[in-house]
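According to TrEMBL:
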DOMAIN    12-40  domain 'C3H1-type'
ZN_FING   12-40  zinc finger
DOMAIN    44-146  domain 'RRM'
DOMAIN    148-175  domain 'C3H1-type'
ZN_FING   148-175  zinc finger
REGION    190-281  region 'Disordered'
COMPBIAS  238-253  compositional bias 'Basic residues'
Amino acid sequence: MAEHLASIFGTEKDRVNCPFYFKIGACRHGDRCSRLHNRPTISPTILLSNMYQRPDMITPGVDPQGQPIDPRKIQEHFEDFYEDIYEELSKFGEIESLNVCDNLADHMIGNVYAQFREEDQAAAALQALQGRFYSGRPIIADFSPVTDFREATCRQYEENNCNRGGYCNFMHVKVIGRDLRRKLFGSYRKYRGHRSRSRSGSPRPRRDRDRDRHRDRDDNGDRNGRRPDRTDRDVGGRRKHGSPKRSHSRSRSRSPPPAREGSEERRARIEQWNREREEKP
């Protein structure tokens, strides 16, 4: 019985706990929901409810005066807000991810989710934000149960084919530009895995970040989490003979690649060729 309850916890089959609050940290029914909202007492993620106020909140693409807004201005306004929030929250620790909802429903519009690397960093940020204001509005901050944003985001929105629009019950995460992402999140790559977890005040050169990214991929596997087979790699981390590991059934039909000659063997072979060429009439 206990295993069954654990397997359905936070799903549609769970008639006790609210699956939407468990997945996205917000529910359209709010406190009137017939299911429980288990609010965490500690979490690496904090939620800043309805914090982002987009300039076209009344009508998408139109300002309050009824004038059309250039989409580039809307994106610039969003990235200015994003950078402000990031710089303020990064004072309390390393930010793993910072997501801003583009949904229009009341319980999700303008929600900001900040996930820290450590729970105590999130707790320090939450404590510091109590009683604070942003753009003349009070900041409503709380811990969020969301730790895996892959389960919280709308896959159809990422593919530009969500038929529910802004009133979808899953996150429509606004995307920042590549330059801003590199500026904000790129500086942490050098310090991943260090116990001090200190931050650099200036962006690192791109060649250094690329070198560390390839090094991390060699050590930890590819982006899908698959670890490389150690028998298929040489000392430099490159695959031997440029071919991936193949199944046992296919390896029988193909002969193994020839062993690579050493420098002494190559010199001996060249001397032999020279002698044979001199002996010919």
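Residue 1 is the first one shown; counting continues down the chain.
In case you wondered, yes, glycine gets a Cβ from its N, Cα and C as well.
Predicted automatically and left uncurated, TrEMBL annotations should be read as such.
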Tell me, what is the mean pLDDT of the domain 'C3H1-type' (148-175)?
89
Restricting to the same chain and to residues at least six past its boundaries, which positions have a Cβ under 8 Å from a Cβ of the domain 'C3H1-type' (12-40)?
47, 49, 105-108, 111, 113, 142-146, 151-152, 169-171
